[in-house]
Amino acid sequence: MIVLSVGSASSSPIVVVFSVALLLFYFSETSLGAPCPINGLPIVRNISDLPQDNYGRPGLSHMTVAGSVLHGMKEVEIWLQTFAPGSETPIHRHSCEEVFVVLKGSGTLYLAETHGNFPGKPIEFPIFANSTIHIPINDAHQVKNTGHEDLQVLVIISRPPIKIFIYEDWFMPHTAARLKFPYYWDEQCIQESQKDEL
């Protein structure tokens, strides 16, 4: 039996979200044949021991806390990302749900609906510590640290591994967006898996 105390009803939303993420991680199935796996025992891991990199994107620190490729997760994937001031995600969309929990810092979410031929001018939403963001499926978006300190977010996606379509700008046609799969943090493991299959 697992007992997870999250305090009173007035507990921080971060504690609640992180607790739910830990439960999902605990009850998820692991795939022993997953490439580059960090799976099996121990179920509880020290987050400081997980791989962290910027994957060629200055100002980004990415860590897959629980993922499909690295840990064998089937339904959700959880990342911890830190953006230095001025750094940003590419303009992109994906066919999965995405939720951000802002742990610290501030920034801007740029979000455009994708019902036309191209995203168009995005709507700007300020984001800040203890705010949550829900990205609708296939809506083009970008997160940028527009603050003066690091922006740290916990990101939860559905249906991993993620397949991302990247735009050069907000007026690039959807049909011209470039598919990036596997995504940067899954590349090495998926390439090693393909080599093993030959």
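Counting begins at 1 with the first residue displayed.
From the backbone N, Cα and C atoms, a Cβ is placed for every residue, glycine too.
Feature list (source: Swiss-Prot):
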{"type": "BINDING", "residues": "H92, H94, E98, H141", "note": "Zn(2+) binding site"}
{"type": "DISULFID", "residues": "C36-C189", "note": "disulfide bond"}
{"type": "CARBOHYD", "residues": "N130", "note": "N-linked glycosylation site"}
{"type": "MOTIF", "residues": "195-198", "note": "motif 'Prevents secretion from ER'"}
{"type": "SIGNAL", "residues": "1-33", "note": "signal peptide"}
Practice task
Sort the residue listed as 'N-linked glycosylation site' into helix, strand or coil using the DSSP assignment.
Solution key: coil
Exercise for the section: Drop a 10 Å sphere on every Cβ of the binding-site residues H92, H94 and tell me which sphere holds the fewest other Cβ atoms. Expected result: H92
Practice task
Mind giving me a neighbour count for H141 (Zn(2+) binding site)? Other Cβ atoms within 10 Å of its Cβ, every protein chain shown.
Solution key: 23
Exercise for the section: Find the average pLDDT over the motif 'Prevents secretion from ER' (195-198) in the predicted model and report it. Expected result: 43
Handout entry: Distance [Cα-Cα, Å, rounded] between E98 (Zn(2+) binding site) and the residue listed as 'N-linked glycosylation site'
Key = 16
Problem - Neighbour-count leader, CB within 10 A, recorded positions: E98, N130 - result: E98
Exercise for the section: Can you grab the distance from the residue listed as 'N-linked glycosylation site' over to H92 (Zn(2+) binding site)? Cα atoms, rounded to a whole Å. Expected result: 24
Exercise for the section: Compute the centroid of the Cβ atoms of H92, H94, E98, H141, then list the same-chain residues not in that set whose Cβ lies within 8 Å of it, in sequence order, for the Zn(2+) site. Expected result: T89, R93, I135, D139, A140, I164
